[in-house]
Ligand SMILES: Nc1nc2c(ncn2[C@@H]2O[C@H](COP(=O)(O)OP(=O)(O)OP(=O)(O)O)[C@@H](O)[C@H]2O)c(=O)[nH]1
Ligand SMILES: [Mg+2]
């Protein structure tokens, strides 16, 4: 059974992936600190612990830079949920999810759940600023706080349909039956770290969705807790040299 | 530092010890070599008799290069400088540029730094976008390859106002265009820092591999997002004497407190942990090292500077716990350590713990070390004590005309090589403003370049300037730079230095990390990660 010193160990792991500059750090910052502030491109990965009811949820904010690409699968190891993040104003950032990031999730749990998140929705949100909308239905669960001096509206390069298509690609890649999985419309989010739009609902619905995974692990007892902590493969090259 | 300069002052000839740097005269304290502030000896810029007229084309660098002398170093022959115009280098006409890089303000930056690939692809520019500057970089590259084709390596170019220093490291060419009046040697060292910071992110092996594979690879793909780290480094280079002195500045701390912090680090270990570093206010508190890993190597000050810069350049570090690969180029340019970085005093975030492991997968066990360290520090109320630690004021030395100093001891304990350190008080009035601080640093830089001049190294400089008097002194035991009020007499200054050295001796337990402690986390000594460092 877990010892007292282990109580702060994570019960479950959530990983945020996506190209640099899409706003991964900003999203996490908005959620944990309720703020939008200047960020600096993340190096490696940053580990956060979030108390969710009686559970400790660990969140890894990873670097999107190509420089750190090799580390992605390490951060994903044993993940119960992966947040694939793109920037709604940058089509390439969606393409990168499939090209570059999807394969990193091979090390995640077999029952890992995926969320597709289009961030920077504030840049294309037209509901307040004009009728130039592409018929986008925006989730109403949270009020949109729009900056009164909004900059010029940017062209939305990624539609919700594109994101939904990516979601089914992800399931196919994982060899999962679409019918047996969480539905795409529930797992595709559009958010704004800047205004806070949809950010809480993204994290909180995801946390609720990983609860079964926690319970399953708990019922399996101590061994699975240890599994999360310890590397799956033993490195022969302890020196860490990359030659 | 067990051995100590005090004894030296009492000997009749304080500089009689052998000093490999000095080939010429050995002045003693009573025969000070006086150089007035106007003297600008040793500066090659004086040699170039080129017209000073301002030119209105946008091609700042091109023009400067075209009107300057080029100093080449042959592969064996030390060729005389030849004006570039005579070589017939085909410098193209000025090409179009973005407004920002053609502006006067762009040219007037004190120090530009450019990094480009051997194929001439821009990688980094301190000011202005690399895209906008690609033609400038192209010209630089043309120049470099032109000289290379003649079996020469271009090293530096001097004009009235600027010094241009080129250096090539593997497939990267680094260029410094500076009006700071620093020596070529100093500028070259700074470029080496820039190179090493890039290596710290990518490793030398992978840079080499990338360019072997594809000669015109755009390295910005891999460095995108790292510009702020390089910007931060260059600001550090300009504003912090640590890099000039190649030494680490540690925060003054009662030795009992420092020892107990070291012990906490020593006790909180896990396999493959190799360095535990505690930093407060961007200065070193203590560092504990793995025994076997450092048998044949130690952490160089430059590696620590690069590490500190990486930490400081990223405010993102202040939330959460970071786990990131980092290469320490002087330790081993081809291999990564995995750095765990976490602040111990959120939300202030002034006390930072850095744990370096050789095991990529060790995050959770290393994070566990942090919990232990945190706990132990809590029981000892160590954060409180650390918060009280601060730089000292020069007034504590008790020497009236002394305004500031930098003291770097060379002495090394008998049994293990030490981390090179220096000590320096806070910069106080009249050096509290940004400009004045920079001016003093420039004076120090000038003294430093004269002390370390390759053509005519000096052991002692007594420099009477308009607003202050400086005395620099290097012996086999230490390097010392002092700044006095302008009215000080030579005798006064000498007495002051005697007092200062006594004071440092008395305080050295507090000012320096005396014996960096060690631990053993690697059961098998052959696991030493130092495979091909030198
Ligand atoms: N307008 C707008 N800007 C955003 C939003 N989220 C992030 N940004 C901006 O986008 C830039 C990148 O944000 P980060 O959160 O650092 O991006 P990241 O994905 O963590 O990037 P890496 O750490 O390099 O992988 C910053 O300038 C943010 O201010 C958003 O919702 N709206
Ligand atoms: Mg980030």
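Going from the start of the chain as shown, residues are counted 1 onward.
Just so you know, glycine gets a Cβ as well, placed from its N, Cα and C.
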Stated TrEMBL location of region 'Disordered', expressed as one of B:69-100, B:101-132: B:69-100
Number of helical, extended and coil residues in the domain 'FUZ/MON1/HPS1 second Longin' (B:272-373), per DSSP: 27 helix, 39 strand, 36 coil
Composition by DSSP (helix, strand, coil) of residues within the domain 'FUZ/MON1/HPS1 first Longin' (B:111-233): 56 helix, 32 strand, 35 coil
